[in-house]
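Feature annotation from Swiss-Prot assigns domain 'CP-type G' to 63-223. As annotated by Swiss-Prot, GTP binding site applies to Thr112, Lys113, Val114, Asp115, Gly166, Gln167, Ser168, Gly169, Val170, Gly171, Lys172, Ser173, Ser174, with the evidence given as sequence analysis. According to Swiss-Prot, the feature Zn(2+) binding site maps to Cys247, Cys252, His254, Cys260, an assignment based on sequence analysis.
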Amino acid sequence: MAEGRIIKALSGFYYVQSDNQQFVCKGRGLFRNKKITPLVGDYVEFEPKDDNEGYIMEIKERSNELVRPPIANIDQAIIVSSAVDPDFTTLLLDRFLVLIESKHIQPIILITKVDLLNEDQLENIKLYKQHYEKIGYRVELVSSKNQDLLPELEPYFDEKVSVFAGQSGVGKSSLINVLDPSLLLETAEISKSLGRGKHTTRHVELMKIGNGLVADTPGFSVLEFREIEAEELADSFPEFNARMHLCKFRGCMHDKEPKCAVKEAVENEEIAVFRYNHYLRFLEEIQTRKPRY
């Protein structure tokens, strides 16, 4: 039995990297019977059939996993937001952050296309950068067309498995192409009617960049909090986490309760109003969602 890691999944075949060799594998029927799907990023045991084929026999325990995109054992998520075309939106960025935080994955925020901004727009983006850095997030402003800005990003990938996430058309593929031009990933054109990119990435694949592995994932059209309960939502807002123990009532939802430390922090401008408003919006969404059967 050999061991390796799934680096690509395509049409029911799993490409397993084992040392310096790659095997094209199928999953055992047992996985289907147990409704277990091998994921890109999985560590597996497999039985080689010949020089480059085999069968996956066992999937090792996962440290974490995402459903959309379907990937496991991630060290960090690089959330890409464009400054313009499509326009920067903190609401969408916060949706990504909540989902990533709920999986206990380290987020990094990249805001792309800053070279397309005028001076006032750039100052506005820098203010948002300060807000997120105050929370504790790492934020970088980059242009995917300016290669001089990207070498400083390479240390982020060192010895880590990173997942790129973000609305389609924000520049994920362009960024990866600058980091490693040999990959030649197709870049998205922006739909003028929708204000978002057409999907260009059709499958999840781990690609070697420097000393790390990076997944360029399919663009998202829907971001839902299906796996997050209302009482868990505040845990995905780090600036709330630091104050929740000061709320008068245990189980405080930071909404209508009196003597709430989070609401006091908003009033004292210690927590950004836009972040709190997003929390309330997400909370209502979770509380009013239809049950799944």
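Yeah, the Cβs are placed from backbone N, Cα and C, and that goes for glycine too.
For His254 (Zn(2+) binding site) paired with Thr112 (GTP binding site), the C-alpha to C-alpha distance reads 33 Å.
The Cβ neighbour count for Thr112 (GTP binding site), using a 10 Å radius over every protein chain in view, is 26.
For Cys252 (Zn(2+) binding site), the nearest of the binding-site residues Thr112, Val114, Gly166, Ser174 in terms of C-alpha separation is Gly166. Counting in whole angstrom, Gly166 (GTP binding site) lies 34 from Cys247 (Zn(2+) binding site) by their C-alpha atoms. DSSP gives Ser174 (GTP binding site) a helix state. Counting only the Cα atoms, the space from Cys247 (Zn(2+) binding site) to Thr112 (GTP binding site) is about 38 angstrom. Put simply, Cys260 (Zn(2+) binding site) is 38 Å from Val114 (GTP binding site) when counted between their Cα atoms. Residues Met244, Lys248, Phe249, Met253, Asp255, Glu257, Lys259, Ala261, Val262, Lys263 surround the recorded Zn(2+) site, their Cβ atoms falling within 8 Å of the Cβ centroid of Cys247, Cys252, His254, Cys260, which are themselves excluded. Taking the Cα atom of each, Cys260 (Zn(2+) binding site) and Thr112 (GTP binding site) are about 36 angstrom apart.
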